[in-house]
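> Structure provided below as structure tokens; questions to follow.
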Amino acid sequence: MKKLMAANWKMYKTREEAKATAEELLKLAASSLPEDREVLVCPPFTSLGVVSEVFSGVPGFFVGGQDFYFREEGAFTGEIAPGMLLDQGAHFGLTGHSERRHVIGEGDELVGKKTAFGLASGLSVILCIGELIEERRAGRVEEVLERQLRLGLADVPNDIDPERLCVAYEPVWAIGTGEVAGPREILEAHAFVRKTMVAMFGDNANEIRILYGGSVKPSNCAEIIALDNVDGVLVGGASLQGESFSQIVLA
Ligand code: PGA
């Protein structure tokens, strides 16, 4: 299974800035990218095209959308369809990111509809899950992760190609705070995600990549990526500079 080193640029960068960062990343990481790693950049929708152009023809480098809607087209002002992401050269799409859930207010059912529709439309999908600090303090981590997985993957067919589905465990209290989860917290959560997905999808789920996200940086990435059941990382802040993201990609 190839490790997936993913960047989420959130609402940052003009097209020119996105192009420059993508070019710098290639310059620093493309020639030394190990065979068993893949790189994904999720820029704002407006920069999908330029980043796709920069990555075009470079093996192991992919582009993704940060979210999408569960319809092919229609009167859905402000939304974007999976087919439109594919048309801009994207291979991946995120669903259920913590900021979609907790800032914009998306619920599990909507996240589940998007996940299934994105997969059916031909995107590879990264379903993001993770508990709030209050939920962790109340001992509810497994309950929350199980609910987000069961509802988020409710309509995904059992025989889904495991290469096209990833889950990102991102404890909300570790996103953008500089506070990274400790190895024990990551190991426990990832083992629980694996066990739950095997219960849902059978052995197939052993091939589904589970990414960790939340304050990943060049200084902690090597340790995190070496943990059991950690098949990649999803990086926000430290992915915005080509220099620091290239160190993460090669860590
Ligand atoms: P962060 O964000 O790396 O800035 O904590 C992670 C994410 O939101 O995916």
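Think of each number as a place in line: the chain as shown, counted from 1.
Cβ coordinates come from backbone N, Cα and C, glycine included.
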> For the substrate site that TrEMBL assigns to ASN8, TRP9, LYS10, SER215, GLY236, GLY237, which of the candidates GLY49, GLY57, GLY176 is also assigned?
GLY176
> Might you list, by sequence position, any residue in that chain lying six or more from HIS97 (active site, electrophile) with a Cβ less than 8 Å away from its Cβ?
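Expected: ASN8, GLN66, ASP67, CYS128, GLU170.
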> Filter the binding-site residues TRP9, GLY176, GLY237 down to those with CB closer than 6 A to an atom of ligand 1; keep them in sequence order.
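The binding-site residues passing the 6 Å Cβ test are GLY176, GLY237.
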> Counting only other Cβ atoms and using a 10 Å cut-off, which of the binding-site residues GLY176, GLY236 scores lowest?
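Relative to the other binding-site residues in GLY176, GLY236, GLY176 has the fewest Cβ atoms within 10 Å.
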> Here the binding-site residues are LYS10, SER215; which one has the lowest number of other Cβ atoms no more than 10 Å from its Cβ?
LYS10
